[in-house]
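Quick look at what Swiss-Prot annotates:
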REGION    1-224  region 'NAD(P)H-hydrate epimerase'
DOMAIN    15-217  domain 'YjeF N-terminal'
REGION    64-68  region 'NADPHX 1'
BINDING   Asn65, Asp126, Ser162  K(+) binding site
REGION    130-136  region 'NADPHX 1'
BINDING   Tyr141, Asp159  (6S)-NADPHX 1 binding site
REGION    232-508  region 'ADP-dependent (S)-NAD(P)H-hydrate dehydratase'
DOMAIN    232-506  domain 'YjeF C-terminal'
BINDING   Gly334, Asp447  (6S)-NADPHX 2 binding site
REGION    383-389  region 'NADPHX 2'
BINDING   417-421, 437-446  ADP binding site
Amino acid sequence: MSGLCACTLVGAAQVQQLEAALFAAGMPVEALMEKAGLRLAAAIAADYPAGGYPRVGVLVGPGHNGGDALVVARELWLVGRSVQVFCPRPPIKPLARAHLDYFQSLGGRVHTGAVPEEPGVDLWVDGLFGFGLERPVAEPYAGLMAQVNASGVPVAAVDLPSGLSSETGEALGGLAVRAARTYCLGLWKRGLWQDAALDWLGVPVRLEIGFSEAQVRSVLGEDHRSARLLLPDAARAGLPLARPATAHKYSVGTLLAVAGSRQYGGAATLVALGARSGGPGMLYLALPESLADRVAARLPEAIVHPCPQAENGALADLPGVDLEKFDAVVCGPGLGKAEQALVLRLAREAAGALVLDADGLNLIAGQLEVLAQRAAPTVLTPHPGEFKRLFPDIALADRQGAARTAALRSHAWIVLKGARTVVASPSGQVWVNPGGSPALARGGSGDVLAGLLGALLAQCENPEPAVLGAVWWHAAAGEWLAARHTVLGVDAETLALGLLPFLAADGP
């Protein structure tokens, strides 16, 4: 299996370019459809064995997606399944029509027009529409899709569920087939890894159909680096961070966290716990003076700077803090209504990497141009609401594209949090983390991530492995902990304290 093909995310136009290159090189269209259909049939037969799913209904649309599904229908029929084909309208593509005729010649049943209220199937195969759909599905297909969704019968979708945008993952017009499994052919379609697709996708499975790594590089050029999955093997390759035998506390990262307020006192503790798990040699905390004793008692190894606080309990200033001596600075968790000048000072004076999270993002909004003047890396970690405050003109329907645009504009790394967190580099590379758990939908989870990011950045000259490693580690630990404590049992403190046990359990 090609590593590049396993992680590259493509849109409809890129798929068309790849297929055109295959056909120009001599691959017959018929051979590609046959190969795709055979791979689909084998996967579906394995995942849905005949003992539990003897009766299969195959939904056939007007194009080549329907042709792939008809190959599946033929193969399942030939091994003894009861197969019915539902074809509201005859296929437009001649090749798909030929497969339909052949299926009928074998004695297969084909239904045109309306589907019976009780079709008598144990499994649907959705081959109505594939990639490139740009508008809501019309009748008679829309009614059929609604009927399938209401049937309660599992659906195996070909390439992507019918009705989904292959770019944004949204259900066009609000209607798509709700799949139990989606068998993506060749390269991953971008839309399958957008948050909007999660309600429709089921379990995503990728099937190889013949794209080689050389062909992908030849056709897409540098575009093959524009969007990819953050695969676990690559993300955790450098974790835990290696240390030479001669390491000392000042050589393995000095980190400053600027966090907390009277209203959000726990945030300072959580960012510090997340940072501690990342293993910086020295951890400094700049906190409102009212929080200093409490946090120092919880993290005795941290060096705490009690700082003046305003009447509202927010951090007022950083007296005596030399921002040039830190390898990384984290700012924002729980800051509350601090002054914008505080964050602007950090952006201008911090010599090391800078992570802005939570209130740090809100305070830098409208002043992002200051980030372009920084020599060291900057990482912005917004959730969708914070993203809209930072970049009000960038639509979030395409989260991958939005993160990329924001990164290019701000000259910063963007960690766009969500069910599938998107990471974009200042050069425009995009990664989507396929892992994670709704267990992380808890206040304070982001504070832990901010601290972990800062800790790894403080120890890495190259920000890429630090950012990608932290995003993967945080999400994967959440999954691991949810499996042990249930989805309701992963509060932010449990997450922070579980980071290192997870990494030890997941290690070689």
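The first residue you see is number 1, and the count goes up from there.
Any Cβ shown, glycine's included, is placed from N, Cα and C.
Distance between Cα atoms for Asp447 ((6S)-NADPHX 2 binding site) and Lys417 (ADP binding site): 12 Å, as a whole number. Under DSSP, Asp126 (K(+) binding site) is assigned to a strand (E or B) in the three-state scheme. Same-chain residues lying 6+ beyond the ends of the region 'NADPHX 1' (130-136) with a Cβ under 8 Å from its Cβ atoms: 12, 15-16, 61, 63-65, 68, 142, 158-160, 162-166, 172-175, 189. Neighbour density for Pro438 (ADP binding site): within 10 A of its CB lie 12 other CB atoms from the protein chains shown. If you take every residue in the region 'NADPHX 1' (130-136) and average the pLDDT, you get 90.
Local packing around the Cβ, expressed as the count of other Cβ atoms within 10 angstroms, is greatest for Lys417 among the binding-site residues Lys417, Arg442.
Distance from the CA of Ser162 (K(+) binding site) to the CA of Leu440 (ADP binding site) is 30 Å.
Taking the centre of the Cβ atoms of Asn65, Asp126, Ser162 as the K(+) site, the nearby residues of that chain (Cβ within 8 Å, site residues left out) are Leu59, Gly61, Gly66, Ala69, Gly127, Leu128, Phe129, Gly130, Ala157, Val158, Asp159, Leu160, Pro161, Val177. A 10 Å cutoff on Cβ-Cβ distances gives Gly446 (ADP binding site) a total of 26 other Cβ atoms nearby, all chains included.
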